Amino acid sequence: MADHFDLIVLGGGPGGYVAAIRAAQLNLKVALVERVHLGGICLNWGCIPTKSLLRSAEVYHEMQNAEAYGLTSFKPDFDLDKIIARSREVATRLASGVKTLLRKNKVEVISGVGQLTGNQQMLVETTEGEEKILEAKDIIIATGARARQLPNVHSDGKHIWTYHHALKPPAMPKKLLVIGSGAIGIEFASFYADFGAEVSIVEHAPQILPMEDAEVSAYVAKAFKKRGIRILTQSALQNLTPDDEGVTAEIAGADGKVTKERFSHAIVAIGVVANVENIGLDKLGIKLDRGFIAVDGFGRTNVDHVWAIGDVAGAPCLAHKASHQGVIAAEAIAGCDHVHPLNTQNIPGCTYARPQVASVGLTEEKARQQGYNVKIGNFPFIANGKAIAQGATDGFVKTVFDADSGALLGAHMVGAEVTEMIQGYTVARTLETTEAEIMETIFPHPTLSEAMHESVLAAYGRALHF
């Protein structure tokens, strides 16, 4: 006999659990099916524990440079086991918090593996080995994604790692190859370099952080090289052969020449693959687009009553995108008024390396490609009072405006705490704010955020402090 709900959510990551909570707030009877961890990859083996590791690296770096602030007799050392243990404690604490939130909102959590047997029915094999049939008016698929693997290369966790292995290393690698330079690759490169590993990054694209503005990418590359991180762009990994002592990498450089080099470890960070297998998509004829479930701006699939959100529904594969998509889908299912479709141009992206990177909207290059007559503002942190006081003068803020309408097309930041500031520009884009309105906004002094204001002023020849 089937258990009946208004909504079934398959997957308890940042998209799934948020969708479940929002639907429950709207008085829907909700079941959430999760096979492993509430909180998903982000909370357990992604965003959150990574930030804990990077915070340890940041503190270690600051201790090494304490004399610059008048502090003496510092000889810092680190305990990798304790660094890892702290990151796991943080993840466990937050996962417990998600469980509490779901219980508070009266969401029924079912531990097990779910498979759609109809557009309003799901078969669940629970972790206890039971089979349950669930029925609902609507189903949201939020099964997430997993690390993309290299062809014919197995990430065994010994010498070849995915992000999962890199979050819990048995020892600090001596010589590390990072394959891929998106946010994940860059963050791990930064972390391991801070603790003394010899790091090389190989990237097929002409620049690291390929999705970021070219000026930002170039700045990060320069900063990384200054830290001793080697960067090989326009290069391709031809082969990766593990043995008992490490790995041998064959890398084709920009000139086409293939070289062999030994590394103690390699991290594969070349993107993700959607978890679309074995959940019943074929039976229902649910369409895919380049391996991801095809959806509209509200998360609807081509099959009535079946929705998809988060990484399984395509790029950008970001936790905050998944959560917002979850809210949109839940409100659309509940019949709320004034539900707005997802605008992917207003989703900020953040990379928490040293230096940090944050952006929203169009890069200068993309804006020009789309035919905009652009105005560019650029303001360096070295001209910002708070940055000088903090000893954090690296980086800049770049803004891209439509010269004809004054619309903010994009914002791109590199430097200290920019991941905490990008939301200001995201709000501006969401509200369709013009350059005049931002210029008329009062920014507090002294703050790093004043550089955001000055960048806008600079776009119109009005910068006051540079």
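Glycine is treated like the rest: Cβ placed from N, Cα and C.
Annotated features, as they stand in Swiss-Prot:
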{"type": "BINDING", "residues": "E34, R35, V36, H37, L38, G39, G40, I41, C42, K51, G114, D311, A319", "note": "FAD binding site"}
{"type": "DISULFID", "residues": "C42-C47", "note": "disulfide bond"}
{"type": "BINDING", "residues": "G180, S181, G182, A183, I184, E203, A269, I270, G271, V272", "note": "NAD(+) binding site"}
{"type": "ACT_SITE", "residues": "H445", "note": "active site, proton acceptor"}
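Fewest other C-beta atoms within 10 Å: among the binding-site residues G40, G114, G180, that description fits G180. Taking the C-alpha atom of C47 (disulfide bond) as reference, the shortest distance to any of the binding-site residues V36, G40, A319 belongs to A319.
Counting only the Cα atoms, the space from C42 (FAD binding site) to A269 (NAD(+) binding site) is about 15 angstrom. If you take the Cα of G182 (NAD(+) binding site) and the Cα of G40 (FAD binding site), they are about 20 angstrom apart, rounded to a whole number. With the fewest other Cβ atoms inside 10 Å of its Cβ, the least crowded of the recorded positions V36, L38, C42, C47, I184 in this structure is V36.
For I184 (NAD(+) binding site), the spatially nearest entry among the recorded positions E34, L38, G114, A319, H445 is A319, judged by CA separation. Sorting the binding-site residues G182, G271 by the number of other Cβ atoms within 10 Å puts G182 first. E34 (FAD binding site) has G271 as its nearest neighbour among the recorded positions G180, A269, G271, H445, going by CA to CA distance. For G271 (NAD(+) binding site), the nearest neighbour among the listed recorded positions (L38, G40, G114, A319, H445), judged by C-alpha distance, is A319. DSSP classifies E34 (FAD binding site) as strand under the three-state reduction.
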